[in-house]
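Structure, as structure tokens:
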Amino acid sequence: MEARLLVLLCAFAATNADTICIGYHANNSTDTVDTVLEKNVTVTHSVNLLEDSHNGKLCKLKGIAPLQLGKCNIAGWLLGNPECDLLLTASSWSYIVETSNSENGTCYPGDFIDYEELREQLSSVSSFEKFEIFPKTSSWPNHETTKGVTAACSYAGASSFYRNLLWLTKKGSSYPKLSKSYVNNKGKEVLVLWGVHHPPTGTDQQSLYQNADAYVSVGSSKYNRRFTPEIAARPKVRDQAGRMNYYWTLLEPGDTITFEATGNLIAPWYAFALNRGSGSGIITSDAPVHDCNTKCQTPHGAINSSLPFQNIHPVTIGECPKYVRSTKLRMATGLRNIPSIQSRGLFGAIAGFIEGGWTGMIDGWYGYHHQNEQGSGYAADQKSTQNAIDGITNKVNSVIEKMNTQFTAVGKEFNNLERRIENLNKKVDDGFLDIWTYNAELLVLLENERTLDFHDSNVRNLYEKVKSQLKNNAKEIGNGCFEFYHKCDDACMESVRNGTYDYPKYSEESKLNREEIDGVKLESMGVYQILAIYSTVASSLVLLVSLGAISFWMCSNGSLQCRICI
């Protein structure tokens, strides 16, 4: 019996050998990423690609303030609605802001022809030079320029009119034919606006213009149109039964525009020499204007971010991330974060990389843990860690660079007659948005899968590197660990880590210990067989005795009748 106990003690002692394990870093990160095959994978490190925050303010764009129209809209501002006098001196802006209650547009009722196209043109204008195209005091000597006012465009309680147009009426009892031209010598496009008045009755036509069969003609090299007043009774709007239609054209440099009329002309007084700017645009927002600066503005607020995607608003001004419908776009840079339970087993062994990462290893992504007579400790493999960091950093930067095409995205303008086109445009935009969102999400899923596989591969490569050095001088015990058949001090451990392990030096000692341990295993197997047989016999005897006792008790109290027949 003493010999068998000695064999068991030898078996226990043989397992308390020097060990080295390969593992990876873990930390307390709660970052999660999605891959093609998994969702919410916790990782040690990750980068966010999706901006979802803004400051709730309208800011300067690259140092240039926006033009907030307040209660006025584009029409009221350009025509010069008296309610928009605060905007008369506005000449430059980074972007134009209308609000949800921008009601002051055309004060005298009528249609603004091609208004949506004009708004579209202004989306690329960053400033203009406002000038008198036809000076009021000298351009119309044979026509009245002061009596053309209306209660519909009142100012300070008195009848008034648009600040940038002149309502020409008859002078005395005549309205002689007028013809006035302007040559664009500004060296840039000039925006010219005018109107045509449509009285409700012939009496009004005569009292204003004298001529019953009046006309208005406007012509340039690219624009040529003749208008005749449509005299008809109409429901009153703003207490006006008449109507005014408003028109505009862009006059190219060097081109000439000519106005000819015998009545009903709302003549241009001021025009605008336009300066184009690719970063401008028109947005609708009720956010307040602040003294702040940004590179990207949305109707909800400014975005200060270098990320490639945002889910704040599809309408943007400036250098902005691409809008996607995603709620999460996080790219993994680190490893799966599965911290191991640092409990010690029978011989003080730690968990290896299969069971989880090491929070104790903080100076690298991959590395080693050793245990010998001199103690235990962690050591990162700096070379493989640095190679991985460089590779992943380059990949992340490449993805951000390729996807980070920042630009302005403003809505397109359609009038009431173009609703089918507008609906089709929305469907097309939605389709592109879905494609962008799908591509962004798929890119992140694929790259996350590749990154995590890349880390797994690096750990396996490190494991194979150690295995190829040790050969049969150590055995694999699972969990990414090797148990040496020889004593391995700190210098020996370092040689394994740096790839200079001297296999022949330890091979003889390993051979002897390996044979001794194999012998102990064979002997211990005999002990285990004896113990197993003894256990089986003992349990069988206990079962038989128990059955006999139960039967005797049941016979004695009549619960069981025993009959013996001969």
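Heads up, the Cβ atoms here are built off N, Cα and C, so glycines get one too.
Quick look at what Swiss-Prot annotates:
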- Cys59-Cys292: disulfide bond (DISULFID)
- Cys72-Cys84: disulfide bond (DISULFID)
- Cys107-Cys153: disulfide bond (DISULFID)
- Cys296-Cys320: disulfide bond (DISULFID)
- Cys488-Cys492: disulfide bond (DISULFID)
- Asn27: N-linked glycosylation site (CARBOHYD)
- Asn28: N-linked glycosylation site (CARBOHYD)
- Asn40: N-linked glycosylation site (CARBOHYD)
- Asn104: N-linked glycosylation site (CARBOHYD)
- Asn304: N-linked glycosylation site (CARBOHYD)
- Asn498: N-linked glycosylation site (CARBOHYD)
- Cys555: S-palmitoyl cysteine (LIPID)
- Cys562: S-palmitoyl cysteine (LIPID)
- Cys565: S-palmitoyl cysteine (LIPID)
- 1-17: signal peptide (SIGNAL)
- 18-529: topological domain 'Extracellular' (TOPO_DOM)
- 551-566: topological domain 'Cytoplasmic' (TOPO_DOM)
- 530-550: transmembrane segment (TRANSMEM)
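Features as recorded by Swiss-Prot, highlighted on the structure.
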residue	record	DSSP (3 states)
Asn27	N-linked glycosylation site	coil
Cys72	disulfide bond	strand
Cys84	disulfide bond	helix
Asn104	N-linked glycosylation site	strand
Cys153	disulfide bond	strand
Cys292	disulfide bond	strand
Asn304	N-linked glycosylation site	coil
Cys492	disulfide bond	helix
Asn498	N-linked glycosylation site	helix
Quick one: give me the count of other CB atoms within 10 A of the CB of Cys153 (disulfide bond). 22
About how far apart, in whole Å, are the alpha carbons (Cα) of Asn498 (N-linked glycosylation site) and Cys492 (disulfide bond)? 10
How many whole Å apart are the CA atoms of Cys320 (disulfide bond) and Asn304 (N-linked glycosylation site)? 9
Same chain, 6+ residues apart, C-beta under 8 Å of the C-beta of Cys84 (disulfide bond), given in sequence order: Leu69, Cys72, Gly76, Trp77, Asn104
Nearest-integer angstrom distance between the alpha carbons (Cα) of Cys59 (disulfide bond) and Cys488 (disulfide bond): 66
Local backbone state of Cys320 (disulfide bond), from DSSP in three classes: strand
Relative to the Cβ of Cys292 (disulfide bond), which residues of the same chain, six or more apart in sequence, are found under 8 Å away? Asn55, Lys57, Cys59, Lys60, Ala302
Can you check how the pLDDT averages out over the topological domain 'Extracellular' (18-529)? 88
Just going by other Cβ atoms within 10 Å, which of the glycosylation sites Asn28, Asn304 has the emptiest spot? Asn28
So among Asn27, Asn28, Asn40, Cys107, Cys296, all listed as recorded positions, which is physically nearest to Asn304 (N-linked glycosylation site)? Use the C-alpha atoms. Cys296
What's the CA to CA span in angstrom from Asn27 (N-linked glycosylation site) over to Cys296 (disulfide bond)? 35
So among the disulfide-bonded residues Cys59, Cys488, Cys492, who's got the most Cβ atoms within 10 Å? Cys488
